[in-house]
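Notes follow once the structure below has been shown.
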There are 2 protein chains.
Amino acid sequence: MYSPIQKYLDEVHAGLFRIHGGSTESPNRVLASKDPNLVGLALTTSDGFTYTVGDADERFSMQSISKVFSYAIALQDNGFTFMDSKIDVEPSGSSYNDLSSESGSGRPKNALINIGAIAATAHIIPDSGESVFDKILRVYSACAGRQLDVDEDVYASDSAGSAHNRALTWFLSSWGIIEGDPIPAHDDYTRQCAVSVSARDLSVMAATLANLGVNPQTGERVFETKIVQRVLSVMLTCGMYDDSGDWVSSVGMPAKSGVGGGIISVQPGQLGMASFSPPLDEHGSSVRGLAAHRWMSRDLELHFVRTSNAGRSTIRSRESIDRLPSSTRRPDVAEEVLAEYGHLAQVIEVMGDLRFSGVEVVSRAVSDLHEDTLCVVLDLTRADEVADVSVRALSRLAQTLGSHTALGLVDPEERMAELMVPVQMELAVFASRNEALVWAEDRILEVYGNEDCFPEDETEHAVLIERVDETFRDDIEQYLVAESYEAGETIRNIGDPFDGIRFITSGTVHTLSPAETGREVITILTAGMSFGELSLNDHFNQPFTVRAETDVEIRLLPRDAIDRLTENSPRVAAHLWRAIAVEGYARLGQTLRGHS
Amino acid sequence: MYSPIQKYLDEVHAGLFRIHGGSTESPNRVLASKDPNLVGLALTTSDGFTYTVGDADERFSMQSISKVFSYAIALQDNGFTFMDSKIDVEPSGSSYNDLSSESGSGRPKNALINIGAIAATAHIIPDSGESVFDKILRVYSACAGRQLDVDEDVYASDSAGSAHNRALTWFLSSWGIIEGDPIPAHDDYTRQCAVSVSARDLSVMAATLANLGVNPQTGERVFETKIVQRVLSVMLTCGMYDDSGDWVSSVGMPAKSGVGGGIISVQPGQLGMASFSPPLDEHGSSVRGLAAHRWMSRDLELHFVRTSNAGRSTIRSRESIDRLPSSTRRPDVAEEVLAEYGHLAQVIEVMGDLRFSGVEVVSRAVSDLHEDTLCVVLDLTRADEVADVSVRALSRLAQTLGSHTALGLVDPEERMAELMVPVQMELAVFASRNEALVWAEDRILEVYGNEDCFPEDETEHAVLIERVDETFRDDIEQYLVAESYEAGETIRNIGDPFDGIRFITSGTVHTLSPAETGREVITILTAGMSFGELSLNDHFNQPFTVRAETDVEIRLLPRDAIDRLTENSPRVAAHLWRAIAVEGYARLGQTLRGHS
């Protein structure tokens, strides 16, 4: 089907042809040979999907867009302290080729004007066996996800016309910003400007920045997160030269233009966008490109003020476990204890991102709890993004709870696990809400219950049979057949025909959801409980897999015995079927309540 | 309990006392009388909760922090075009009291340096019956959520020492930026700087900006969203004077300091933070305040690059309705059609924010669907934030789907409804997933089924009784008692004791979850179906409310009839109980499958 995003980009592309003005008489003489009506747009998401429209595969030179990536390399090679002593991070408020340096030190105002960019390139440290430019091209290629190369015609033309940049380079040398022979830095800078890319390539490079340093298509980490944070910040305030303030106010996205006709913009965390259209305005930015990025920011609401408004966290639900029981079946006495004290275990489900605001909302909810609260289960199943800050905050939360109140976490995707190691948190972490509920119920029963609340390891009793009037129990039990299963053995498979009802006399059994939905444990069954009744459906077959978790002893009431009872001892059968029906509807009611 | 957020703020507060330096010999002479060891912090969330620590209720004068709010008032009074002709939005790169104006026009570089702030105040338009300063104080008070006043000592002192600002004011007059007598603008500006606030007040004012113009505690909309977007953008790039570039890189939050010792910072959409500590650095910003905001940005990961990374959307699940049936019970023939063609109806559940990236992910999933797809249900129940952009994109999605494929929306909080009106979308919108599933199933049955697939309006048949062997049906039916209910009437209430099983002969009945969980419709029952079996639980009482949606005709099999059958006609009873048990487990299996 036709994607609505594609449709939107097609509309933007078509709309750009209504915009005229600009010139191809740019400092980059090779641009003059380009058809001024070429227009290409590309958008790559932070999960690596690329949309393109128009001339998105047309090649052109990166020019000033290269400054962003070389600055990132220099920062990664030298660290912030060193690089900040060489290049400042302040907007210059002047044209891209101005001599905007600090009076006294000569430190360029920022790395996105020519003088700062030459200084940045001068500090790139090649790996052994490669030249500075080899490294530049290698890292650019890693950002683009393909091997890039230099347009030698552009390089020759730019190099011949680079008197101004040579002057800037010699100034940097005179101020000691570049030590030794400054000419290689000038040449590397001129060459990096001539790297040939398409709008498609640039959108992937921009998406690598959006993705905080990881190329979303290759998965390669090209830059550290803190480097990208710095680079995007400087792009936001200095990327659009003398119009930076207006750009921040009206577009609000880090961006960079080049006199090759390209522009990139970055929506952190979400997407990288790139445009190509040759006619340039008086600042050297593509006229149609500027319009495209402005439109997309407006229509897609990508301004930083709007987007950081996204992902507000909410507590989706907050329930005590007496209202939200686990699907583990418990002895009646345990159910009574849980009904009385279940309010002392609370389940809080978080929706949205688990960043500061998420943790703040959760903390507030937890702080409001009664001080007798025994445990708090935080269900992160529906939480979005889990940040480092959350782990620190949860660790602090666990501390403030004190020894009386335990904190449990439902984290099926194990997003917290990795992050927790460095802070050495001690937390109960569960793969499913049900397991956490079992844990919380167990804690309540340990404090307020007695030994009768816990399933016996072995029992001849069976809850289902105890629902039958005492008079009839022996008539049923005479039909029971003993069975044994080893730990890990599958007792019933999905689709198996109904062959009777099984009573557990020892061991633990799990009911599992179908493999394709992730093999969640639906029910945990222990001694005294029964299974097989779920096959009593329209098809009389097993809807879930049942697996022995430990060695298990079973007593089976076979299907033919039930049929014979129904035929020959209808009164016994009536009471048996009544018990089965009551058990079934009790569980249906519990399940509907738990999920509503 | 002790909140971990409070604990964190307490730690920050304690840590600030290890920071020394700065001076209280500021341009604001009243500050000199303040105890330099006063330190107050306050943080207000975008839902209006305030945390404070230390001297958060100590009063001090707003000074330059006032510039932010007066600029917002002037923008709201005059619009962007007019105000931008008077004041630019570019960083000045110089000190707060510099003469940073455009050569030629005299237009101040931005509204957050003194000359621009005086120009902004000059353009505030009072409502009838109030003075300019009345209006300033009224709007500031609306942002703070309480009536603010002026510290007359500060005003007298500042006014006496305002020669520099008088000079700036006369320059503005000479350039025509202020028309007529410029002195009232100077006086109003000096007076607004003397408005007395606490860190607590400022955190609420900052949270009003974070909340895009709505005071989170009073709910009053003080500024339009677009005004706040502009103001926050200018705060980000120009709020911290000559250090703005470094501030953006390292802190990445819109902020403003004042020589009264206060600093505010804003995390759009999330929170407003404020600090008070008198000693100032050479730029006139509170030394300990700067440290506090830097620490909070770092520890809480509030930098704009990090936060707009939040709220990434994901498709939580994507299922065809044959694997995710509605809880409506259908005739067997309908179930067969749904099993065969259910893959032509898809349910896509979105988690996270429904902004551009969310819509993009959804669009991509929809574009991948088979072209025979009859309907797509988008479940927004777990979606976070719904933006205007989403509505436009969904409208475009509905268009691209074409006439063959219908789009349904599950939107329990009706967040889309309001937004949809202006774009005139035609969409099926449902309050619960179950209703959408019913709609999708109906579409499949309309295309691929026949009339037998739809429940009859009236029927003497009952699914449950048809599960009983034909031989025994008459024995059961003789006990049935006719009942009638009117539309809207409650048939069974939660807690009612089991009084029998009811068969619907005409009309529709809803099973509702308890009121406190939001009265969701759990099951929709029509002619041929039964209810009351859910009371067959440990307490033999009704777990859910059952309500007549239309006029309903019922046949009741009373509890005592069932008891009598069990006693007197055990063979009949055995078959009846068997049917009830099978019905119960069939539904339990369906429910467990639907939710796993």
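Heads up, the Cβ atoms here are built off N, Cα and C, so glycines get one too.
What TrEMBL says about this protein:
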type	residues	note
BINDING	B:S64, B:N114, B:N165, B:Y189, B:Y241, B:V259	substrate binding site
DOMAIN	B:464-565	domain 'Cyclic nucleotide-binding'
Self-check item: Within the domain 'Cyclic nucleotide-binding' (B:464-565), residues counted as helix, strand or coil by DSSP
Solution: 24 helix, 39 strand, 39 coil
Practice problem: Have a look around B:V259 (substrate binding site) and count the other CB atoms within 10 A of its CB, chains all included. | Solution: 24
Self-check item: Sparsest-packed of the listed binding-site residues (B:S64, B:N165) - C-beta count within 10 angstroms
Solution: B:N165
Exercise. Could you say whether, by DSSP, B:V259 (substrate binding site) belongs to a helix, a strand or a coil region?
Key: coil
Quiz prompt | Around the Cβ of B:N114 (substrate binding site), the count of other Cβ atoms that are within 10 Å | solution = 23
Quiz item: Looking only at the domain 'Cyclic nucleotide-binding' (B:464-565), what is the mean pLDDT?
Solution: 87
Exercise. Using DSSP reduced to three states, classify B:N165 (substrate binding site) as helix, strand or coil.
Key: helix
